[in-house]
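To keep things clear, I will list the structure first and then write my remarks on it.
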2 protein chains.
Amino acid sequence: MAVNSPLPVAADLKPIAGIRLGFAQAGIKKPNRKDVLVMALAPTATVAGVFTTNRFCAAPVQVCKAHLDALHMSDAPIRALVVNTGNANAGTGDAGLAAANATCSALAELLECEPAQILPFSTGVILEPLPVDKLIAGLPAALECLSENNWYAAAEAIMTTDTQPKAASSYVVINGIPVTMTGISKGAGMIKPNMATMLGYLAMDAKVSQSVLEHMVKQAADQSFNCITIDGDTSTNDSFMLIATGASELEITEIDSPEYLALATAVNALSQKLAHMIIRDGEGATKFISIAVEEGRDLEECRKIAYSIAHSPLVKTAFFASDPNLGRILAAIGYAGVNDLDVSKLDMYLDEVLVAKSGGRNPDYREEDGQRVMQQSEITIRVKLGRGEAKTTVWTCDLSHDYVSINADYRS
Amino acid sequence: MAVNSPLPVAADLKPIAGIRLGFAQAGIKKPNRKDVLVMALAPTATVAGVFTTNRFCAAPVQVCKAHLDALHMSDAPIRALVVNTGNANAGTGDAGLAAANATCSALAELLECEPAQILPFSTGVILEPLPVDKLIAGLPAALECLSENNWYAAAEAIMTTDTQPKAASSYVVINGIPVTMTGISKGAGMIKPNMATMLGYLAMDAKVSQSVLEHMVKQAADQSFNCITIDGDTSTNDSFMLIATGASELEITEIDSPEYLALATAVNALSQKLAHMIIRDGEGATKFISIAVEEGRDLEECRKIAYSIAHSPLVKTAFFASDPNLGRILAAIGYAGVNDLDVSKLDMYLDEVLVAKSGGRNPDYREEDGQRVMQQSEITIRVKLGRGEAKTTVWTCDLSHDYVSINADYRS
């Protein structure tokens, strides 16, 4: 059960002119489940992405990066994205790279384009060889059912340990021209060192130049997918892709324009929603936790402290237990690596409850107030550093028995 | 099934210092269900409300108004609100007034205060005598379980045809002082001439002077409960009450202050959430529809047009059927009573789809685009009048077979 996150409604997912989606049951890991997704793009489309910073990045991520880099030296646009579940094709060495390239070649042949015009993605178990023959054998079926209306099925096709598909749409009217956007995502949650992936795909019908789209995807990720964490592990396959199909009349070629701002605001909001869906469906999650760090000297120290709290297993299990053992949060702030932090200026709130004031326990704080907030399903921790204007928010979930069960059982 | 509205989580409902809630099963209409709610207030509390404009306003509404008016000539604050379901005590003449007054007297005796310090509310069938003896007999049980933590049960206790309880909390920190607020509501939906009621109660721990609270509740209602409609019928019992318990250190005595603005903004947002919950759980509702009317000459004409659309059974059944029979919307605009409306300046959108342009069908409009949006569970109709700066938004739901079934069966 995802935390306060109703199932998406298929009819609410808007088709985006210029992108068609098809899926197949290729039997990559298990039979009778959708495990291949193809997103076919109009030739007018631009694509940009951000990827995992994990040094062991998976073979398909390496191929994606190479094909996106090649866009700067070529006029041949990306024509399709292909995603498989059931196997991450990571930690698979040269054979893995060959498998990713073979996937691109096979799809390119079917779509009559070049392999470099394909972006491959994989998610699932790592350190196991990708059954690339099965994947390739599934491609014709995926192409056969290509449709603009397959977003819900697409969201299902990329699920792994997710308990429900994640998808949403929105639109914005800019200069009288409507832009629609639909995105899908999948979670998340892993126990080191070898599991899971976060994937996000957001498509819109605006026309956006490649360099502008690259800027837009980075700032969107920085306010959404880069601000969530289940367990602090960065997977080998994490990717967030922004697609502008160019089917709408709205064209964005400059970052310093009101049109860019309007579009980026809408993209950020939808990205955030897709990112939150991942947290709400985090493995075993029972609580959705926002961690706001304010009054920092710079963004970096705010992020350090927010992630230090978000990643602390002591903090996360206390949230699961609804135990206001809030000294654990102060401890996580203390070891966050902000060396000149003056804790005597620090205030900490749990929702509206002022727990710590000027670095110590607020004299008016009552255990029962903290206890009450800890029992909620949605909780905000707010830390005020009292030394500047910078701020950030990071979202996470608690750490439950089920998290352990799910991950212990993942390969069975 | 409410439209995209998950059940509230009991632990997320924040207790508000200075208000305790107790309930009872008094058997007013049916046995074994909570049908009496008492909200007992600290002596520091202020209370203000807005009520139905229906000329047949129910006996308890008349008594409420008289008791609130008396506050201006007395130092004796309101000490409790009492709500019963199962019977609206409306259209009941002098006997109804006597019953409402008897309820106040009985509760006042138990709480050792004056009858004028009690506010009574009723909801349920009208034109039937209130079994006041049963109601009064239930009061001691309600007082026995008074607790700050009973918000979820309170939301259940005021339900009638609602399929789920409606409740939410929020908080805001103003000048370093936290203010928490929790509200409950019940819907809504009636077939003329004799059914149902909308009730809303929002309590916060701020200290707000009586005159300021009266201003705050009006503007909150104007942006929330006064902007929703299931079927256009104004019930005999509709009430929205704002309670400031005075338990927090934050005191608001002036409307022209940043503190007022911050608090009112939070109150408005929570009121809107509670109001939306009513629409999402509208009788038989399958869709949540926002109607935004923009570029009007004044607010009144925007509201006229928005409500004309929202109340049209032709429009509402078309939404239920997902039938893009959008001329019905134009017709509803046309008969809204804005006599000098120049339709040649009018544009209409269904979500991002421009359906009508300059008063006629948009040449680029395709039926399939309208069809697609009509199938969604959340839809925005946007009408631009092209003659000014005023705007408003009204929320409603569709009109389904189930609406008729529910209301036809209501008294069985």
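Cβ coordinates are placed from backbone N, Cα and C, and glycine is handled just like the others.
Bear in mind that TrEMBL entries carry predicted annotations, made automatically and left uncurated.
Keep in mind that this is a model prediction, so the values were computed, not measured.
Under DSSP, B:THR197 (active site, nucleophile) is assigned to coil, being neither helix nor strand in the three-state scheme. The active site, nucleophile feature in TrEMBL is assigned to B:THR197.
Under the heading substrate binding site, TrEMBL lists B:THR160, B:LYS186, B:THR197, B:GLU283, B:ASN407, B:SER412. All protein chains considered, the CB of B:THR160 (substrate binding site) has 21 other CB atoms within 10 Å.
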Spatial separation of B:LYS186 (substrate binding site) from B:THR197 (active site, nucleophile) - C-alpha basis, Å: 8
Set of same-chain residues at least 6 away whose C-beta sits under 8 angstroms from B:LYS186 (substrate binding site): B:THR123, B:ALA155, B:ILE158, B:MET159, B:THR160, B:ASP162, B:LYS166, B:THR197, B:MET198, B:LEU199, B:GLY200, B:ILE278
